[in-house]
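Look at Swiss-Prot and you will find D267 tagged as active site, proton acceptor, backed by sequence analysis. Feature annotation from Swiss-Prot assigns ATP binding site to I149, G150, R151, G152, G153, Y154, A155, D156, V157, K171. Look at Swiss-Prot and you will find 7-23 tagged as compositional bias 'Basic and acidic residues'. Swiss-Prot lists 143-415 with the feature domain 'Protein kinase', giving sequence analysis as the kind of evidence. Per Swiss-Prot, the feature phosphothreonine maps to T307; the stated evidence is similarity to another entry. Taken from Swiss-Prot, the feature phosphotyrosine applies to Y315, supported by similarity to another entry. What Swiss-Prot records for 1-67 is region 'Disordered'.
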Amino acid sequence: MNSASAHDLRLLEVDKEKQDPKSPRGALEACLTRCSISSASSSSDDPPPNREAIDNADADTDVQCKNHRASSNWGKFFKLWKRRSMKRLSSFPPLSGAAPPIIKQNKSADPNMNGMVLHDIYDFQSSLQNFSISDIEIATDNFSPENIIGRGGYADVYQGILPEGKLIAVKRLTKGTPDEQTAEFLSELGIIAHVDHPNTAKFIGCCIEGGMHLVFRLSPLGSLGSLLHGPSKYKLTWSRRYNVALGTADGLVYLHEGCQRRIIHRDIKADNILLTEDFQPQICDFGLAKWLPKQLTHHNVSKFEGTFGYFAPEYFMHGIVDEKTDVFAFGVLLLELITGHPALDESQQSLVLWAKPLLERKAIKELVDPSLGDEYNREELIRLTSTASLCIDQSSLLRPRMSQVVELLLGHEDVVMTPREAKIKMMQRTYSEELLDSVEYNSTKYLGDLDRIREVALAS
């Protein structure tokens, strides 16, 4: 595939997404269409559009644009979101010496989005709440640093409590240019509004006053990371760890195979797994998530984003992102559940590199978290260790799919591919596999790559 055909393929995919009301772009395009109709009818001497024309713009979507002033403001959001989509075209590496497309960036985005009302634009579902900035400030004690429970590339996450006693997590976009913040907000909003599964975080509303905020339901337990590596670690019995592993795997199967379009999360880690009151895991933070069209085997990205310790080799070597990127990160998460160790310790020691020799020797007693003592199910421990070993394989081709991971965790070890599946997988031997096969990859190079990425991240 040359760069021109890749470019054309992405343009075709964009057009298809515009026609699909169940995709983020389809929903946003429908809203923008209605906004344009409303704007044109209010500023023209021509007769207003008939009811049928307006209904067509709303057909098969939950999007509604009711207020002209709000529509005008959100129109700026949509244009920035669309521009960001076009920027992704440049992620295809040019071949045959072709020059990459030049995308001009508008640096004059209007950052003043105060007073915009969510329900004037969207009516995703009846339970979606439109929070005011005062609601959010009261809930988080004016964004007190003590209430920070997570940090990301563009945002901080605060825990809060509403007047009725409901706990919430507030993701507040604080970093980047106004354009970048807007793009990140719309990208994540476009995904989470279409995600609904017991093992994904419950999105309950937004606040677009005084900045951009996404609000999620939170339980007193907080995140897996805070329990696993914090003072409340004793609460995580083996049975709970095993159920967290299985529930998180179910959530990833939903994202990869159960959604209308494949979703690659790209930032699976202990801090991004919320736990409900009964210790059920919920995947959260879709800020880095990508929709992967069915025509494509992978995305190529030029900007490294995510969390050190969870990067798959093909990602930080070649910028390749697909379902197996999440599988690798899930393997690291399994190791955290087994060992109680973080993905990177205080000395920057990689959990993967520490655990691999023990996995190869099947030294499970040396792997298991000492705080558990002998209070674990040996059969389940063997399942988790063997599955983790497969998930963190250097070769993305040799890693299982998440649906296979679930079967392995359940003890269905006779997971085999049909001849057709095997043939498809042989045909899909890409790019990530061929590039990894072309170099000898070892622990020293792994650490060297991590160091280089760390230097780039700190310098940017």
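Each Cβ is built from the backbone N, Cα and C atoms, and glycine gets one as well.
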Whole-number Å value for how far Y315 (phosphotyrosine) lies from I149 (ATP binding site) (Cα to Cα): 27
Cα-to-Cα gap, Y315 (phosphotyrosine) vs the residue listed as 'phosphothreonine', nearest whole Å: 12
C-beta crowding around V157 (ATP binding site), within 10 angstroms: 23
Residues near T307 (phosphothreonine) in space but at least six apart in sequence (CB under 8 A): D267, K269, D271, A343
Residue with minimal Cβ packing [other Cβ atoms within 10 Å] among the binding-site residues I149, A155: I149
Recorded positions listed as R151, D267, Y315, least Cβ neighbours within 10 Å: R151
Averaged pLDDT, computed only over the residues in the domain 'Protein kinase' (143-415): 91
For Y315 (phosphotyrosine), the three-state class that DSSP assigns: helix
